[in-house]
């Protein structure tokens, strides 16, 4: 009896322990949907059926039991109201309205929703006594039912459309587990419509249902499965149904309804060997680095990839080995990949598991072993028949590595090679395949005197790169062959091997061009790239890589030390030693313009031309300036014909003019349009015809007459009434001319008075000076540019000739810059606020570097305009640039009255004078003046601007300057001058004119500098303390203006005629020819016009008849 009692007690305890399990049995049931949708209306009657929720069985015999959550929630899971409006039949899953809702119910929910109109609420439906708590709803044991509240009464039944009666507003989809008993998962009927509109008939028919595992009951319209589904056969179904709607007195309508069914997977397929292969063999030899994959085996599983959280628990892989060395050296990595397989013409998801045998540590080159490794794979959740365990076999052989070098290496090297130039590579056998092996290379020179190379080890391919380490040794004549011993050492085992190396030195050393940058990447244009060298250049010259011009591309245009190695998208061990070698691959700074950055550094792809400034740690990728040919062959033919026709017309017109000239009386000639600053030192002025031959001007054929008797033709377009002009104080004067400040009444139709400047001759001026003034008058009538001094008019009748030009408030640029130094070093940063005085008087604020660049840019724009007009200035300098209000630059000095704002600069002595320190080298030696010689002068002008009006070549007399320029000497970079600005100066001072930039390119470069300029110029720091730079007591105002002898200069004189003639200097070592390869007048023409008259506007003297004709054209 006691035993019976104790047995009964034990049974009771077991039953007590099983009670929770029995209570949880309905949890095997699951909802066929995770969300349901329905509408609720105001005054909808109580008892209205809303919808059915369905549960499917996980095992036979399970009976569903439904319950609702306690509260209604807002869409943001806000608890709004206790649920007493909607009830559910726990057995059938039917939800119905427990009470009618009115407008107050709507308002009550809206108030609890924070005053916002409420549109949607949801409640939770649970299966049985699920352990999920209120507010925690997760499929498959819980589903949400969303209700859209409509603040209106139920619509009239006749207003419904057929689709609204057939299917819910939101689509429906279903989830059914495989291998589960069949059951009902949906009911077609729209219950509220059926309840409130009984006269409307809605019937459904499942299409093509015979071949599918689904059926629809024609009476209750319930959709259920016919048999258990198998996901491995078909994973997705799309059911099609036909809905027929019929109402009283209405035609029958049919609507197609579709809804998807997804079959959920369970682990019912065992793992198998992919392709039936369960063994892999591997050899470990050159790849010995930790993480190296030794071998891979694949395992196929027809089930889907488990969730990441389940993967580690479900699939386990264990390395079975009693060898501790193997356990430490190898590990197994498991990676599942989803794949698709075909089953009954359907694509079904499956899983391919990759098991990789990986080195857990790096192996030395001396390690040698042979072993077999077994890996156990276990699918722990497998529920089907058979086994979920597999054994993978790996046969591994670890072989030792022997270091060997070739018998000997031989490379050439150019004597002009720059430092870090790559000469070649050394590499032990199979080094390209090495991984995890660390090799160090060293060079042992046979002679220390001729040791010019170094070696650096590449971390990528374990090779050694030979490079130039000492350029001085390469230049020694005795160093014709460099001999070394290459030693390769394994860092871990210290094993070594060696080979001989012979390097032959070739070529002849040529000195570097003056002003070349340290890095080839700085150069943006091909000519300056190929004439300079840079770090890493094997030939001593940079190489230009021309891009394909196809948008942002890896093949962008750039300047490189060697296109074989740079840029290649990879910053190697040698390039990383100095950023100047190949910043295109190694720069980590910002890249401006269209580009694609490399993974860690450099430019992967760029747009147009990419150039870099390593010192500033910036690169720029910008469109190429040069475009494709604008004119094809037909176009060129038409232009040639037009030019030929124009030439014939010109010849006929010239013949007619000459004939009229000899037929009629002489009239005063029209002055030259050349911007001359000093007549050629000859007995009479020389003019050049379009053919380039000399002919005497009218000065040599006419007697000298007084200025007063010189009759000037009136030009009605430009004539200004003399009585309306009131002259004021003198602004500046020379020996024969002066400029005064004046006011003009009703100038150009303006009301009131306008402040102007008036140019005029002094009483002692001759006809030659008058011709100069007339020359400037005729020239200014033809130019119109915001940065060229503007002509307003002239008083040419009934008195001396007066030219009325634009008034420049601040005088010459040189004086303006020097006065700015008196403001003092105080300045405000870009982030600070300016004081009130600088805001009221913006022209008086302290200069910034951006202002100085803006001055240079304005002048370059004006010179670009003059160059396009085929005009040569010949005296471009800061003293001849005027500063108008608003700090606007005005190019001036086109004739006699040049530099009258700088009183003592051009005071004419007994002889003419020329500005030596501003003149191009070909102008000094060959008396040749072109637009490119103006570019040279512009470079000196840049130097004046940056130094705030400093004197060029301070302390250097002109007689020394000639030899210095011939030997390549150029002014050094001022302290406050940026590298980019100084490079532009050096480009302007190129010895060959055709290698200097044109003004259009100069303007573009200055525009970019203006964009990048941000800092204010510190006048205290930027003003040099050297008194030579600004001391006028050294007569620098006179020194640069060299006297021109009045005697004729025969073209047979040597190129140093200025030195010999002016200073009586001679030197037997001076060359007899000019250092500039320019052709003289008796040879072939140069690439640029020698004077302005070689182009459109000429220094030509015309006959009176032709002058009259030109006056007619002008007016």
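Cβ from N, Cα, C; glycine included.
Worth saying up front: this structure is predicted, and the values here are computed from it rather than measured.
Of 199, 345, 1093, the one with N-linked glycosylation site in Swiss-Prot is 199, while the others lack that note in the record, though it may still apply to them. Of the residues 469, 764, Swiss-Prot records the annotation N-linked glycosylation site for 469. Binding of ATP is attributed by Swiss-Prot to 731, 732, 733, 734, 735, 736, 737, 738, 739, and the same site annotation extends, among 711, 717, 748, 759, to 759. Among the residue ranges 596-616, 617-637, 638-658, 659-679, the one that Swiss-Prot annotates as transmembrane segment is 638-658.
Checking 449, 835 against Swiss-Prot for the annotation N-linked glycosylation site singles out 449. When 151, 337 are compared in Swiss-Prot, the N-linked glycosylation site annotation sits on 151. Annotated Ca(2+) 2 binding in Swiss-Prot involves 232, 265, 266, 268 plus, out of the candidates 217, 219, 301, 303, the residue 303. In this structure, the C-alpha atom of residue 735 (ATP binding site) lies 110 angstrom from that of residue 157 (disulfide bond). The maximum pairwise C-alpha distance among 731, 732, 733, 734, 735, 736, 737, 738, 739, 759, the residues recorded as binding ATP, is 15 Å.
Residue 137 (disulfide bond): 22 other CB atoms within 10 A of its CB, across all protein chains. When the Cα of residue 810 (phosphotyrosine) is compared against those of the binding-site residues 731, 733, 737, the shortest separation belongs to 731. Counting neighbouring Cβ atoms within 10 Å of each of the modified residues (807, 810), the lowest count belongs to 810. Other C-beta atoms found within 10 angstroms of the C-beta of residue 142 (disulfide bond) number 18, with every protein chain shown included.
Considering other CB atoms within 10 Å as the measure, the emptiest surroundings among the disulfide-bonded residues 166, 197 are those of 197.
Within 10 Å of the C-beta of residue 733 (ATP binding site) we count 16 further C-beta atoms, all protein chains included.
With residue 731 (ATP binding site) as the anchor, the candidate recorded positions are 142, 197, 243, 807, and the one with the nearest CA is 807. Here residue 739 (ATP binding site) is positioned 10 angstrom away from residue 807 (phosphotyrosine), judged by their C-alpha atoms. Neighbours of residue 737 (ATP binding site), defined as other CB atoms within 10 A of its CB across all chains, total 24. Of all the binding-site residues listed (731, 739), 731 has the fewest other CB atoms within 10 A of its CB.
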